[in-house]
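S.K.: Here it is: the structure, laid out below.
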């Protein structure tokens, strides 16, 4: 029983640390608009340098959007990605 609990705990911890590839909120409805500089806003999961580059959620009361640093295991460092998440979520 102890090994099973240890394995489950390890798996849960790995998911929390590494995240899921689609956890930036791509499935949440968002508006793709043209920015003042002529470029299109960046969708969730795209690289960004500031929050104003990222597409906003259609429901701005329930969802928040922005540019945040996340750990990339593939690159071995932090990257800034656009995301959309639920305002009430502790991960937002």
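Cβ atoms are placed via backbone N, Cα and C, with glycine included.
Note that the structure is a prediction, hence the values are computed from the model and not measured.
Okay, these came from Swiss-Prot:
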{"type": "DISULFID", "residues": "41-55", "note": "disulfide bond"}
{"type": "DISULFID", "residues": "48-67", "note": "disulfide bond"}
{"type": "DISULFID", "residues": "54-82", "note": "disulfide bond"}
{"type": "DISULFID", "residues": "85-92", "note": "disulfide bond"}
{"type": "SIGNAL", "residues": "1-19", "note": "signal peptide"}
S.K.: Which one is it, among the disulfide-bonded residues 48, 54, 67, 82, 85, that lies nearest to residue 41 (disulfide bond) by Cα separation?
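M.R.: Closest by Cα distance to residue 41 (disulfide bond) among the disulfide-bonded residues 48, 54, 67, 82, 85: 54.
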S.K.: In angstrom units, rounded to an integer, how far apart are the Cα atoms of residue 67 (disulfide bond) and residue 54 (disulfide bond)?
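M.R.: Residue 67 (disulfide bond) to residue 54 (disulfide bond), Cα-Cα distance: 7 Å.
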S.K.: Per residue, counting other C-beta atoms within 10 angstroms of the C-beta, which of the disulfide-bonded residues 67, 85 reaches the highest number?
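M.R.: The most densely surrounded of these disulfide-bonded residues is 85.
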S.K.: Give the number of CB atoms, excluding that of residue 54 (disulfide bond) itself, located within 10 Å of its CB.
M.R.: 25
S.K.: Which state, by DSSP, holds residue 41 (disulfide bond): helix, strand or coil?
M.R.: coil
S.K.: Quick one: of 54, 55, 82, which disulfide-bonded residues lie within 10 angstroms of residue 48 (disulfide bond), measuring between C-alpha atoms? Sequence order, please.
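M.R.: Cα filter at 10 Å returns 54, 82.
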